[in-house]
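Chemist: Summarising the annotation, TrEMBL assigns compositional bias 'Basic and acidic residues' to 17-31, 52-62. Under the heading domain 'Small EDRK-rich factor-like N-terminal', TrEMBL lists 1-37. According to TrEMBL, the domain 'C2H2-type' annotation covers 39-61. Annotation source TrEMBL lists region 'Disordered' at 1-32, 52-76.
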Amino acid sequence: MARGHQKLQSQQKNAKKQAEMKKAKSHDQKTAAKAALVFTCAVCRSQMPDPKTFKQHFESKHPKSPLPPELEGVEA
């Protein structure tokens, strides 16, 4: 009977530990940074966080390509 009770306690302790690990893992900086990369360059497929950075990238890396329509009103 004692083994059954110990098994139940062990399962509860493990479930609590797994939940804490999952909670701690959800606040990963890498995941948050990846979610912040909203704009994707159509030419080289690199990702940028905001339109200003995207326009600067586009003007410096792809000067011969036409500016995408979403960047025309943005000031760099």
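The count begins at 1 with the first shown residue.
Using the three backbone atoms N, Cα and C, a Cβ is placed for every residue, glycine included.
For the listed features, I'd like the structural context: burial, neighbours, distances.
Modeler: For the compositional bias 'Basic and acidic residues' (17-31), the list of distant contacts is empty: no same-chain residue at least six beyond its ends comes Cβ to Cβ under 8 Å.
Within the compositional bias 'Basic and acidic residues' (52-62), the DSSP-based counts of helix, strand and coil residues read 10 helix, 0 strand, 1 coil.
Mean model confidence of the domain 'Small EDRK-rich factor-like N-terminal' (1-37) amounts to 82 (pLDDT, 0 to 100 scale).
Cβ atoms under 8 Å from those of the domain 'C2H2-type' (39-61) belong to residues 67-68, 70-71, 74-76 of the same chain, restricted to positions at least 6 beyond its ends.
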